[in-house]
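**Q** Take a look at the following structure, please.
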Amino acid sequence: MSNNYAIILAAGKGTRMKSDLPKVLHKVAGITMLEHVKRAVDAMEPAKTVTIVGHKAELVQAVLEGQSEFALQSEQLGTGHAVMMAEPALAGLEGQTLVIAGDTPLITGESLKNLINFHVSHKNVATILTAQADNPFGYGRIIRNADGEVQKIVEQKDANDFEKQVKEINTGTYLFDNKRLFEALKDINTDNAQGEYYLTDVISIFRQAGEKVGAYVLRDFDESLGVNDRVALATAEAVMRKRINEKHMVNGVTFINPDATYIDIDVEIGAEAVIEANVVLKGQTVIGERTVLTNGTRVRDAKIAADAVISNSDIEESVIEEGVTVGPYAHIRPGSLLKKDVHVGNFVEIKASTLGQGTKSGHLTYLGNATIGNNVNVGAGTITVNYDGKNKFKTTVGDNAFVGSNSTIIAPVTIGDNALLAAGSVITKDIPEDAIGIGRGRQENKEGYATRFPFHPSQK
């Protein structure tokens, strides 16, 4: 087990978000900002992680339940005060402790590991994670001496003209010698404009004691982004989306327009897949090799196998096997299974149903709570009537059956293998194997009756 520890600051309300949801629970690329930070922290293999909770603590704890210890900051009295809340869990332990805000979703595990290596190799008591900003306005500046040693952190409002020209900024992430951190926290106070305990004050305490403080500069400024409002949230989303899409492209996926493609962080895509513009892939979706998703397709928590073609359709919580074609304008709802080489065409809705291998439903159909066998033809306009206002009922269709167009199947009904359901029928009873089911009125022609209606030329 390592002697690395982590404190994630997640107690704040995030007033500028203008939301009832705690700030760290807003999502970027499908998971909360807090989860992004926790994943980065996990890369350093901490022996303990303590998450500081406060505003709506129960919601925050639910996200990391079983993954972190928690400490409650009942009053938000500053970053230093927040870290103090972790003392019962961490005080006295040998090693180094990361302190990181839960609203920094772009930080990477690689950067945190580099921070630890830098800290240990330089034998620092504290190391600040910094970044070079083209426009440092609003950030605390890192002030170094002529030898490049960190002297202090100066906030924007306190900086003189020279200090304001410094482009190295404090990201708000730190690595400390664990014992010295909690010793120094006992010496900070609220003698400042905000009346709060500032974590940055421990840096001054270390310097005054002649202890070594360093700074590790991030390679990518984007990683330093702290999200305080919806504008920054959108910025984080855009940066993360670019990272995700580029990762898939490097792995052999073709994107027609990556700037207009939205893929959550946990989505998996096989090589040689083609993703057209305005495709949205969410949750735990898996896309197989060589599968094509055309413009406008949306998939959530579904598994789509290799060599499928999904055209401008919605698929949710379902499984699509190899060689299936769906759409355009189809809706595959939760709990559905489309087996190998199934075809589901335009304006077809499938809900909690299984379609067997080679089955085709080409147009204007609703199949709900149905099990359809192999090589079945489902004609245009077929409707399974599966709901009586309270209960759902099942339709079963055997292999090689033929369901004629404009058929209504009032469940529960079983249609046998090789059966034929006559077009235009309303089916209320089972149809045996090899039988024809007909449920419609017999046609009757009345000669000359059309002349009585206003449309007829004789009436004009």
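Yeah, the Cβs are placed from backbone N, Cα and C, and that goes for glycine too.
Swiss-Prot feature annotations, pasted as is:
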{"type": "REGION", "residues": "1-230", "note": "region 'Pyrophosphorylase'"}
{"type": "BINDING", "residues": "9-12, K23, Q73, 78-79, G140, E155, N170, N228, R333, K351, Y366, N377", "note": "UDP-N-acetyl-alpha-D-glucosamine binding site"}
{"type": "BINDING", "residues": "D103, N228", "note": "Mg(2+) binding site"}
{"type": "REGION", "residues": "231-251", "note": "region 'Linker'"}
{"type": "REGION", "residues": "252-460", "note": "region 'N-acetyltransferase'"}
{"type": "ACT_SITE", "residues": "H363", "note": "active site, proton acceptor"}
{"type": "BINDING", "residues": "A380, N386, Y387, S405, A423, R440", "note": "acetyl-CoA binding site"}
**Q** For the C-alpha pair, I'd like the distance in angstrom between N170 (UDP-N-acetyl-alpha-D-glucosamine binding site) and N228 (Mg(2+) binding site), rounded off.
**A** 16
**Q** Would you please pick out, from the binding-site residues Y366, Y387, the one with the fewest other Cβ atoms within 10 Å of its Cβ?
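**A** With the binding-site residues Y366, Y387, fewest surrounding Cβ atoms within 10 Å: Y387.
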**Q** Compare the Cα of Y366 (UDP-N-acetyl-alpha-D-glucosamine binding site) against each of the binding-site residues D103, Y387, A423 and report the nearest.
**A** Y387
**Q** Determine how many residues of the region 'Linker' (231-251) DSSP places in helix, in strand and in coil.
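**A** Helix, strand, coil within the region 'Linker' (231-251): 20 helix, 0 strand, 1 coil.
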**Q** What subset of the binding-site residues L9, K23, G140, R333, S405, R440 lies within 10 angstroms of D103 (Mg(2+) binding site) at the C-alpha level?
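**A** Cα within 10 Å of D103 (Mg(2+) binding site): L9, K23.
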**Q** Looking at the recorded positions K23, R333, H363, R440, which sits with the largest number of other Cβ atoms within 10 Å of its Cβ?
**A** K23
**Q** Which residues, sitting 6 or more apart from A380 (acetyl-CoA binding site) on the same chain, put a CB under 8 Å from its CB?
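**A** In sequence order, G362, H363, L364, T365, S405, N406 meet the Cβ cut-off.
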**Q** Give me the largest Cα to Cα distance among A380, N386, Y387, S405, A423, R440, the residues the record lists as binding acetyl-CoA, in Å as a whole number.
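**A** Binding-site diameter by Cα atoms for acetyl-CoA: 22 Å.
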**Q** Need one number: mean pLDDT over the region 'N-acetyltransferase' (252-460).
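**A** Computed over the region 'N-acetyltransferase' (252-460), the mean pLDDT is 98 on the 0 to 100 scale.
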**Q** Work out how many Å separate A423 (acetyl-CoA binding site) and N228 (Mg(2+) binding site) at their Cα atoms, rounded off.
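**A** About 61 Å separates the two Cα atoms.
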**Q** I'd like to know which of the binding-site residues N228, N386, Y387, R440 sit within 10 A of K23 (UDP-N-acetyl-alpha-D-glucosamine binding site) at the Cα level.
**A** N228
